[in-house]
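Beneath this line is the structure, given in structure tokens, with notes to follow.
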């Protein structure tokens, strides 16, 4: 998996270098690359969730906060594909970027907490949270390039603030809150992935997106 992610970053770096050197990089190519990165981001968050599931307290999911408690829950996003199809490209891209940037601090918290997590696979979990950070940063750079290419949305969207400074004092609370935060990220990464794939389809002018 690490080799695949490394290859993705190298490909994106090549595209960004071409763009910075004045070489024309097509919108379709940029959206294709961004879609591949967002897909890997969501796949990695799913893999992390599966790792946590192997040793998760039986009452953990009952005690876990509801999805409405995610710090990004207040950001208004399309509920389904039909709604998303009616959103202008620049606004949909701005939504994806706002969602992604809202996770800068939470991903940093997850990475710092992972090594001491009360879980037998905390080493693997730590490695994957670092991968999440790297992938998120790569995708963020790609989205900045796309916004420059497509144009800014008339509805300027800012990242949502994250108020959580720690995951709790006891080991079970920390594990449950870690899982909850990751589940929120997994949900948002799925939205980002769907938005970018829809933009890729629309840019290709396909009849059915």
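Placed from the backbone N, Cα and C atoms, the Cβ positions cover glycine too.
Taken straight from Swiss-Prot:
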SIGNAL    1-24  signal peptide
DISULFID  70-184  disulfide bond
DISULFID  201-209  disulfide bond
Would you mind pulling the DSSP three-state label for residue 201 (disulfide bond)? helix
CB contacts under 8 angstroms to residue 184 (disulfide bond), restricted to the same chain and 6+ apart in sequence, sorted by sequence, are 67, 70, 71, 72, 106
Among the disulfide-bonded residues listed here (70, 201), identify the one with the smallest other-Cβ count within 10 Å. 201
